[in-house]
């Protein structure tokens, strides 16, 4: 457990360092680009918290199975080491006395055994505390998910919209826009085609996006060419950057409904299709992170 906690503390320090660098970038750029950075920061924090909770739960289960044999294993290991190094009988007797040997000086073994028991009890208490913390974090995630569902239900009811479920496979943004294009404008473009379109636009208008193209794992700013390559060839999640790129390249408005504020409207510089594409942005629907669904009007 000590080793895991040390590793997790280091990971937290690394994350805070990355977040500090990202927050410096929040002072620049437009409102939508700032929102994309803030979403990325929140997602990085949530992902690390969930990762740590899972690691602690796994270690907790493993330690419960091994604690019962720790004392016996420790005794056997030390005695074997004494045989291997051929220490004297007097030295061996001294070590055995400190390791709960009832035959020699009964008071000393009792004291050593009690100290070991206390260490185990402290460790169990710490593990229990960490397990309870993991459960609280899990309950918190469930509460956030339920609260988001309630808010979205009210928002969509008032707007006369209904959500169309899109698979959470890393392509949800592109799949949602693909569904909207086909439904409203009879334009058939799959997720890969939309990935290519957004990457082409970002690459062509790189001056609009430089400094806001982030690596999902490190949170560091990527060169435009590297970022576009990830959008094309990997299941990199789409964000506000891709939404704006697609709105401009497809010449269609995109409206993003969310529970944190008003509808975000991504308007293209020139309009070919007047009817906007409507999608929903979820932060807590899935434990994996952000998710998008397609939205349709009930009277359609």
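Note that Cβ sites are derived from N, Cα and C of the backbone, with glycine treated the same way.
As recorded in Swiss-Prot:
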type     : residues : note
COMPBIAS : 48-61    : compositional bias 'Basic and acidic residues'
COMPBIAS : 62-71    : compositional bias 'Acidic residues'
COMPBIAS : 89-109   : compositional bias 'Polar residues'
COMPBIAS : 115-141  : compositional bias 'Basic and acidic residues'
DOMAIN   : 161-298  : domain 'OTU'
REGION   : 23-73    : region 'Disordered'
REGION   : 89-141   : region 'Disordered'
Original post:
In the compositional bias 'Basic and acidic residues' (48-61), how many residues does DSSP assign to helix, to strand and to coil?
Top reply: 14 helix, 0 strand, 0 coil
Original post:
Which residue counts does DSSP give the domain 'OTU' (161-298) for helix, strand and coil?
Top reply: 52 helix, 32 strand, 54 coil
